[in-house]
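A quick write-up on the structure given underneath.
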């Protein structure tokens, strides 16, 4: 910075210790002052961190209910006689609602905290699942077409609730623990817990809420009304608990460190900020009695703590807005975001449609006659496999990247010229981990498309395992990379912007799969035992071309991420550690 620019947090007027700042000097309170120097007692801090961590873990373990959509999707198909297009419409409504508002909710979370977001999730989950149960019940009574748009609206509420609860949990861990050496594991734990939520909820639905009557073509039915009622009650309780327990500890310190980093880099100009109405009259020197003096002055009415709080909010808003602008104007962010779009969309589409894909693996005549019953695999089994593999890989990638990947010493936006690195004898970039697991995801999609599991459902665990591992790693490594490159103080906003992209990818690939499936069903004119139309399909032609295209999408994504990393003006050329 030029010599005329005064540091934002270190501008101290040359007045006496107890005297007010001169009228011609506009300043912020010095960073070393007691007000900023004061910290909670270590025991209280540890207790607050532990409570926040446990709350975020509980929220993450419950938030992934939408990931078990494939468990009850066949029941929608057989009971309400919905086509694959209509079923994907419900899944897409939830996906769009889960991702599109995430940037707005992230912006809100960064500025007001995670607790209000958790309470918001309780409202949306309660209304969403209660509404879905009610509309499904009415559809069973004889008007499935009339309740369809009500179901769409209910799944929109479920999607917004998922986004709110998940984001509040991950943002809490990112800000409380994301500045240390174990930032990868700190983020991987709640993200892995989110994956586990699908596993245990699918087992609850399959074992406690399944009907005794057989479903379509011999499969089991889920009692959708009772299961949705259970989810509504559970998630309202968890959302309220999160509103009490989720807290950002020492957030003011986080903002101060970010201001210092931005000032040192020249990105943030303290005088420009002061000129925009952010002022704080300082009291120059710092001594051991400053805390007592400040309390005396507050008691005497000389200092107004409410004014200090208002100006803290202004400083925080200014810093977060500056970091948002920097994030949006970084061209590598857009390459990375589109890479995420092309990677995660196929994974979402596979998970949402896994139930109907499994039904295409078996000859319907054998299934109706009981010839495939003992060896037939189930959607619940593979939802659990996806949950287990994604959870293990999320924890593994978080731990391995902490141990092997290079890391900047600071936890804020990286400035290449001023970044100090934590040196390691041997290091592997987080991008290498991301590309490896993306290729694993594409391998699973390509194996399915090649027909390797057709008439061999016992092999499907390989496909669901590969997709689960790749999907989990991509969803874990992407926010970790965002915190490493662009910092943690504006994490919810930054991650929210990138996380909008999967909604479009999941919707697009869901529509592609639906089109391929319905065309196969039209050609075959397969009519199930309880089905009244040509909505069921059997064989490779029901899915092959769709999943070949999805595998190709992941390969395109790998190229975009490589471009952001090694291309012109990329992270490697700029000296950004990743």
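Every residue gets a Cβ built from N, Cα and C, even glycine.
The compositional bias 'Polar residues' annotation in TrEMBL covers 1-24.
Residues or ranges marked as compositional bias 'Low complexity' in TrEMBL: 25-34.
TrEMBL lists 1-41 with the feature region 'Disordered'.
The annotation transmembrane segment is assigned in TrEMBL to 48-73 (among others).
Residues or ranges marked as transmembrane segment in TrEMBL: 85-107 (among others).
The annotation transmembrane segment is assigned in TrEMBL to 119-140 (among others). Within its own chain, the transmembrane segment (119-140) is flanked in space by residues 59, 63, 65, 76, 79-80, 105, 146-148, 150-151, 153-165, 168, 224-226, 228-229, 231-232, 235-240, 242-243, which lie at least six positions past its ends and keep a Cβ under 8 Å from the stretch.
Residues 52-53, 55-57, 59-60, 62-66, 82, 86, 89-91, 93-99, 101-102, 105-106, 109-110, 114-115, 117-118, 120-125, 127-129, 131-132, 135-136, 138-139, 186-187, 189-191, 193-194, 235, 238-239, 242, 246-248, 479, 491-492, 495-496 of the same chain sit 6 or more residues outside the transmembrane segment (146-173) yet have a Cβ under 8 Å from a Cβ within it. Residues or ranges marked as transmembrane segment in TrEMBL: 146-173 (among others).
Annotated transmembrane segment per TrEMBL: 185-204 (among others), in sequence order.
According to TrEMBL, the feature transmembrane segment maps to 224-246 (among others). Long-range Cβ contacts of the transmembrane segment (224-246) within its own chain (Cβ-Cβ under 8 Å, at least 6 residues beyond either end) map to 51-52, 54-56, 58-59, 62-63, 65, 72, 75-76, 79, 113-116, 118-123, 125-126, 128-130, 132-133, 136-137, 140, 161, 164-165, 168-169, 172, 201, 204-205, 209.
According to TrEMBL, the transmembrane segment annotation covers 431-454 (among others).
The transmembrane segment annotation in TrEMBL covers 460-488 (among others).
Residues annotated as transmembrane segment in TrEMBL: 495-516 (among others).
According to TrEMBL, the transmembrane segment annotation covers 546-565 (among others).
When Cβ-Cβ distances below 8 Å are used as the criterion, the transmembrane segment (48-73) is approached by residues 40, 87, 90-91, 94-95, 98, 118, 121, 125, 129, 158-159, 162, 165-166, 168-170, 172-173, 176-177, 189-191, 193-198, 200-202, 205-206, 222, 224, 227, 231, 234-235, 238-239, 241-242, 244-249, 351-356, 379-380, 383, 386-387 of the same chain, each at least six residues removed from its ends. Simply put, out of 85-107, 185-204, 431-454, 460-488, 546-565, 85-107 has the most Cβ pairs sitting under 8 Å from the transmembrane segment (495-516). The transmembrane segment (185-204) and the transmembrane segment (460-488) are in contact, since at least 3 Cβ pairs between them lie under 8 Å (pairs 6 or more apart in sequence).
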